[in-house]
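A short write-up of the structure that comes next.
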Amino acid sequence: PTMPVDSRIIEDAIRNHSESASPSASSGSPNNMSPTGWSQPKTPVPAQRERAPGTNTQEKNKIRPRGQRDSSYYWEIEASEVLLSTRIGSGSFGTVYKGKWHGDVAVKILKVVDPTPEQFQAFRNEVAVLRKTRHVNILLFMGYMTKDNLAIVTQWCEGSSLYKHLHVQETKFQMFQLIDIARQTAQGMDYLHAKNIIHRDMKSNNIFLHGGLTVKIGDFGLATVKSRWSGSQQVEQPTGSILWMAPEVIRMQDSNPFSFQSDVYSYGIVLYELMTGELPYSHINNRDQIIFMVGRGYASPDLSKLYKNCPKAMKRLVADCLKKVREERPLFPQILSSIALLQHSLPKINRSASEPSLHRASHTEDINSCTLTSTRLPVF
C-alpha cells in the first residue's frame, strides 16, 4: 500500500524555498534546487517518502502549512464550501448529489453513521490511495468531507450510465462500439488493480459514458465503507448489487471474499450486458432465489443469449470471466490482450470508426464534465 506523504516534508520544502528565493534564483540553478525550482529538504528522507517532492510547482504553491498534519488533510474539503443541489440517487453505500465546488461536482454522502476512530482512520488511509488515481477511464477524485457525514467529492459527468443506456434508453450500439466500451472498462480496471485497489462494486451503474463514448469508472475502492463494522472488528458483507456479485462473494465463506478475480466476475456480467442488451437471470424474479442459486453454483448467466454477431473470442472471454472457480478467471492484463487481438481482427472500417474515442482524451488529467448516476438502480 502507498504510504501517505508526511506534510513535514512539504513544509520543509516550502521553508527552504522561501529562504533561498532571490532574484538570481530564477536565472541560476543552485545545487540544492530541484528541476522544478523547489529546494530539496536538508533533512534525510525515509525511503518510502523519497517521491514526495515529485509533484509540480503549481500544485505545491497551493499547499499551505497547517501544523504537523498528515498530507491527506490537504484533500479535505470544508462542508461549508460545497453547495448541494439535486439529489441524483441512492446506491449501496450512499446518496449521490450534484453540487457546486469550483464548478460542478458529484458528492457522495456515505452511509456510515458515527464512524469509530478505527473506521475514520481506515477511511483516511483509503483516501490517501484514491487521491493518487489519475486515468482517462477513471472518474476523477477531488477530495473528501468529514463534517456531519463522511463524503467523497468527484468530477461531475453530464452523460448517462451504461446501465441507463442499455436497460432504460435501450441505446443501439454497434458491435465495434460495444467492444470498445469493454476495452476501456478493462483498461480502467487494470489501472485500479495495478494500484492495488479492488473496486468491489463493478456494475453498469458505475460505468459512465462521456462525450465520444469515453468510459469513466466511478465508485471504486472504499473498502472501509463497503463493509460492516462490529465494535473495532471489521466484518465483510456482500456489497453492491447481487446480479454482479461473484459466487464466492455471495457465499461469504471467506473472511474477505473480495479479490481481483471477484472484480473480474463483475466485469464479466458487464460484458454479458453489453453482448446481450439484457440483465442476467431475467427469468428469476426472486432476489433470495438468485442468491441461493448463484452462491451454490446452480445458476449462471445464459450465454446462448449473446448476440449472433458477437465474435467468438468475445464469447470465450465472457465465459472465462464468469468461471465459477475464481482462480480460473483471467486477470485484466490478459483480458486487455484478448480484446486488443479481437479489435485488430475486426473489419478495418469499424476499427477506424472507433479511433476518436480511443485517442481523443489521452491526457490522464482529463477532467471534462462527466456522468454520475441519473439512472434508476436495478431491482436487485
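Using the three backbone atoms N, Cα and C, a Cβ is placed for every residue, glycine included.
Marked as region 'Disordered' by Swiss-Prot: 1-67.
Residues or ranges marked as compositional bias 'Basic and acidic residues' by Swiss-Prot: 8-18.
Under the heading compositional bias 'Low complexity', Swiss-Prot lists 19-35.
The domain 'Protein kinase' annotation in Swiss-Prot covers 82-341.
Here Swiss-Prot flags Ile88, Gly89, Ser90, Gly91, Ser92, Phe93, Gly94, Thr95, Val96, Lys108 as ATP binding site. DSSP assigns Gly94 (ATP binding site) to a strand.
Taken from Swiss-Prot, the feature active site, proton acceptor applies to Asp201, supported by sequence analysis. In three-state terms derived from DSSP, Asp201 (active site, proton acceptor) belongs to neither a helical nor a strand segment and is classed as coil.
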- Item | Asp201 (active site, proton acceptor) and Gly94 (ATP binding site), Cα-Cα, nearest whole angstrom | 13
- Task: Rank the recorded positions Ile88, Ser90, Gly94, Val96, Asp201 by the number of other Cβ atoms within 10 Å of each Cβ, and give the residue at the low end.
- Result: Ser90
